[in-house]
Amino acid sequence: MKKIAILGSTGSIGTQALDVIAHHPDRFCVTVLSCSRKIDRLCQQIEEFHPQMVVVEQEKDALDLAKKYPDIQVEFGEKGLIGAACGDWDMVLNSLMGIRGMIPTYYGLKAGNDIAFANKETLVAGGELIMNTAAETGQKLLPVDSEHSAIFQCLQGNPQKALRRILLTASGGPFRGFTLKQLAQVTLAQALKHPKWNMGSKITIDSATMMNKGLEVIEAKWLFDVSLDQIQVVVHPQSIVHSAVEYWDGSVIAQMGKPDMRIPISYAFSYPKRLANDYEPLDLFTEGAALTFEKPDMEVFKNIKLAFEASRMGGSYPAALNGANEILVQLFLEGKIRFIDIQNTIERVLNDHKPQYNLDLEGILEADRQARESALTFL
C-alpha cells in the first residue's frame, strides 16, 4: 500500500489524482489533503479518503476543521505545507499552483520523499537547486505534466547519451493562427476556453499565451538534463501525441493517448509499473485519423521565445520570467490588464532584470518578488 500526500487536492490535478486512487484502493491510500479556499470540497474529500493530515491556507479554516475533525491533524499556511511534504509517506504529489509549490518540493526531497509534480514552476524558477537536491538525496522527481510524462516514458530503457532531441508538443491553444492585432482583442472568456484540456484558470491562461509551453521548455531542460538546442516545440492541435524523443540513429519514439490527465498521474503513482484502468481508449480511426504538426509562431506568441532566452541567460532570469508571468496572469484574470499585456510586460521585466547567480531558496524567492514588483511598474 503506497501512502500518498496530495498538495492541492481540490484543484484539477488533485481531484483527478484522487479519482485514480479511488479506483485502486488496494494499492494507494491518501495521507494528506490540502487546499487554499475550496473548504467544502475538501470536507467531501476528507470524508471519502480519511487522511491523517489536512493543510489549508487560512488559520480560521484550520481551526474550524480541527473542531469538525478532531482525529485529524490540521495545519495551515506555508509551515503546514512543508510539514505535509516532510511526513513519513511514500510519495508527495505536488499540484500546487505557482512558485509556492517549490518550497514543499524542496523540503520534501530533503526529507527523503519521492515527488510526483505537476508544479512546473518549481523547476522553472529553481531547477538547479531542486535537481541538485534530488541528486543529493537520491529521491525521484516524477513528472505529471502530460508532455513530460510522455518524454519520461519515451526515454525508458534507452541511454541518455543516445538522445538527439526532444519534440515537445503543444496544442497551440485557442488562438493558434492569430495575429498580434487579433491577440490585442482577446477577452478573458475567450482565453479561458481551451480546445482540448480541462484545467485550472491559471494554466488555461498560460496555455492561451503559450507561456505554458515556454515554462515546459525550461522544465524539460532540467528534468531530462538536456541543452536548449535539444528541445524543439511542435504545435500539434489534436493533442494525441503528447511528446516524442528522437535518438541519434534517427528513430523517433512518441507517446500517444487521449488528453486525460489521469493517465500520466497513474503512471507517476505506479512507476515503474503500469496500472490497468477502464478509461475510454484512444480510437486511432477517428481521433487519430489526421495528426498534424507545425512550427509555433514565436513572433506572435513571444512567451516561448522569452522562455528560451531567459533559460539561456540563466541565473535568476527564469525565476523573474515566472514571477512576472504569475502576477500578470492574476491581473488578467481580475480584468485589470489586456491579454497581450502579459507577454509585452514580461519582455520589459526581463530587459530590466538585474540577474543574480548561484541562488539558494531565499535568493530564488527574492528574484520572484522583485520581478512581480517590476511587472507592476510597467503597467
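Note: Cβ is positioned from N, Cα and C throughout, glycine not excepted.
TrEMBL: automatically predicted annotations, no manual curation.
Keep in mind it's a predicted model, so treat the numbers as computed, not measured.
Going by what TrEMBL states, the 1-deoxy-D-xylulose 5-phosphate site holds Ser146, Glu147, Ser171, His194, Ser207, Asn212, Lys213, Glu216, and the candidate of Lys110, Lys120, Lys258 recorded there is Lys120. Binding of NADPH is attributed by TrEMBL to Thr10, Gly11, Ser12, Ile13, Arg37, Asn119, Glu121, and the same site annotation extends, among Gly200, Gly214, Gly250, Gly257, to Gly200. Neighbours of Glu216 (1-deoxy-D-xylulose 5-phosphate binding site) among the binding-site residues Gly11, Ile13, Arg37, Glu121, Gly200, defined as a Cα within 10 Å of its Cα, are Glu121. Between Arg37 (NADPH binding site) and His194 (1-deoxy-D-xylulose 5-phosphate binding site), the C-alpha separation comes to 24 Å.
A separation of roughly 14 Å, to the nearest angstrom, links the Cα atoms of Gly200 (NADPH binding site) and Lys120 (1-deoxy-D-xylulose 5-phosphate binding site). Counting only same-chain residues six or more apart in sequence, the Cβ atoms lying under 8 angstroms from the Cβ of Glu147 (1-deoxy-D-xylulose 5-phosphate binding site) belong to Leu168, Thr169, Glu216, Ala220, His242, Ser243. Using DSSP to sort the residues of the domain '1-deoxy-D-xylulose 5-phosphate reductoisomerase C-terminal' (141-224) gives these counts of helix, strand and coil: 43 helix, 11 strand, 30 coil. Across the domain '1-deoxy-D-xylulose 5-phosphate reductoisomerase N-terminal' (4-127), the DSSP tally of helix, strand and coil residues reads 60 helix, 27 strand, 37 coil. Cβ neighbour count within 10 Å across all protein chains ranks Gly11 highest among the binding-site residues Gly11, Gly200.
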